[in-house]
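A quick write-up on the structure given underneath.
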């Protein structure tokens, strides 16, 4: 009988985290251990590495997600282990899992099978407390807003125009829309508000984009929490909240070092949503990894249209980080799903359906290679039921598009199963550095208007024919442009399941139009969120939540977690 | 110019936490470090110490708290350091500070002056994440309740009779009374609810009373979250929530090891409110300290009428722990306040007022010595402005009551300033162990009815003439008695500022009556909360919160924290 993810993880032969750090040349006094297998690498030490040459950055992305699962995290781990196996000094960078979803649907966020980061229970169960710190900072600011109003509202905040919401790291639909401040004069002024999940907080996005404590403090101060009656923005700085928020986040900002099952070092740090935010682990972790290793594999959320687009147009644009290559993860199952097969029928061979789904993969591949000019390889994340005919069809299609598709069996075999993929990644990175035309290209220019930026993303990446918006939304966009936010990049919140804004349009839909329903200023994260379609920022629990089967035995061992 | 608390703390010469642990004989592989100066001692290791002889337990309590501050935590630290200085193997046990209040009023919760536990910034700023875990477990249960109702309510929970509230570690008055579940069918059923601060959660009380992972899981399952329409209790176990809650709390349950400025080892673990809960740090930490040291000083919340009463009648009763001596902290300032002096006039010598306030101290002393049969010494926590005449008056009064009062100058001098106090504590403990009549006496018997237990506390400890309650509350108490909860101890929630339920009645009020306004079942903590007077379970921020002046400089150093 095959082992569950947690059983594999619990039988891992982990190195003491000090040894993992020492392997990277990190001095003992620059590692803050959190238990024996987790640690935070000190920021002053990381700052001292600034002059070192940077390793090569490999972006892990995927086709449009499906209910079948693609295994981007698993492939990141497998590739990291395979790079190590073929003799490269490699690290991986992953997002931290949120606690809330762990108790909802079953499914880990620390990889799977023989490609996991460990200790997986700790990583999934509030880890080193970073998300708790982000939650506390977010809610402190919220409390200071209502407290300011309660004590006389000297800033003249319009209680109807407060945009700042509280957050919790729990899937709790009943907190999406609430009325607070009830119960009489002692409890302040009643108003409508709501809670998001922690990963949707602008503090999370800021945390992951900040390059230092000073930058973090500055960005937190820039947060716009709402408006006065005369529509002037009110910032966290106006409330003198940003210093205390920084104090809450200080320890969290140092990146978390853990390891894979095969002892490849991994930074697991930060985890912004890939819709309402930019969906990549912290810039501090990625930047640090590039000074500590020769190859750094980092994962962006959802498909290439969302996570990778933001990685390129937000993160790379504002930080100067540049990927040398990208891996696009696909599965035979996901391709069949995009070809129209329903979930129960996915295990059955169906080459025709698979070929029908291939345009989704081809479009993402074209985006990565042609639009952004990033050398890319397709990783076929292998499952036992995949047939030779199906795999051959994928390989042929990718080759026809001028790229390579490689079967990777890290889930079942660990790093050894992804060595071919690792070799191709090294080849791409090396070829890239020898090319003259190796510059990353963005989807749009800084100087484009906000409207044109959104239009460029919609037409070039989503293959939409146009973008539309109500007069109210158009006015908002023009106002932001006039107020000086026109230079910010755009962060699109839309469904991850389709290139379009309709989650049911699988494959590679064309002739669709993107409707901008809402615009939000993220002045601390320094991007403009354009919400296209229904976006859920607070998940709910299912009828039978995973929490029902998770427990701890008398010896203290976690049971039933994935 | 004298240094601030944080400046003193930041100049401490801390030992690596591994050295502190080694000094206690804790093997390196039984310590989970959290950074270089904090650690968690593993539960399996602590369980292996069960057969060791226990050290002597010293209870730190105080007169009724005043706005002037008494310095119970400071005296706990000073006494621990002084015991170490006179050659004893000593440890201290403290509660973890809540994060919320740190940003409200100025004032640390890790001691002060030259009697602090360090690293004080970390201890005050979410430390090792225990409170975040308790918050997450509490809110997971809340989400599972509303989720259960949303998905059909098979248990038939009466949404009007849900008693379980969510918690946050932030002072936020606008969350005291809220309506949740608004926004339409997708967000569940609207209902009234509210948030408490984390320290008020029953999970916190359970966490601090549990003796093992198995006990924790069992108690979490016992929690009553509300009632069905036919008034049957609904438990966390009925929702299959307790296993997942235990998983969230697993790492947190191991006690946190830190040190004082003078390197005396300290467990800082758990921190339940001393009104709605029992107000003592975790039983696991105290029990462990007693196996690791010969003298363990532990602090109970508020004055002896609240914290010490619960220490005796809840904690000692249910765990078998027994104090060998008690220290009652008093200050000249606090005594003058109890004698009627207003805060601005407290620095001025006023022996007459002080003598007017002494009955408060005498009454607490009598409770500790005569009612509970615990040998006690009064510690006069010295301040520079105290006059010789004032101190002489306190000493004389305590001597007249048959006990000793000792001036302790640990705030200004560290452990050396509390050596006389330490010697008296050792003398009391030694004398106690030689006495035949050394048994701890409880305020009431297990077999007393809930009503009689409350009456015993009110009349014997508060010196009230009687207790009263509305018919509704009396019925509730009788129902709990009938349902089999009669054997539980009573946990009184009342103001800490007075023996009575009126915070304005200073000194030693007599002829007062205690009105039980509300009764709550804490089935997991296994006590009955009787609420007498207005009790705030979610604080608010002041007009100028401390958060306004707290920040982090570019080098990562916290500034402005106390």
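Placement of Cβ uses the backbone N, Cα and C atoms for every residue, glycine included.
Noted in TrEMBL for the protein shown:
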BINDING   A:66, A:67, A:68, A:69, A:70, A:71, A:72, A:73  ATP binding site
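Counting every protein chain shown, the number of other Cβ atoms lying within 10 Å of the Cβ of residue A:66 (ATP binding site) is 24. Long-range Cβ proximity for residue A:68 (ATP binding site), meaning a same-chain Cβ under 8 A and a gap of 6 or more residues, is found for A:331, A:333, A:334, A:336, A:337, A:343, A:346. Within the set of binding-site residues (A:67, A:69, A:71), the lowest number of other Cβ atoms found within 10 Å of a Cβ is recorded at A:67. Long-range Cβ proximity for residue A:73 (ATP binding site), meaning a same-chain Cβ under 8 A and a gap of 6 or more residues, is found for A:94, A:109, A:110, A:111, A:112, A:299. Minimal Cβ crowding within 10 Å, among the binding-site residues A:70, A:72, is found at A:70.
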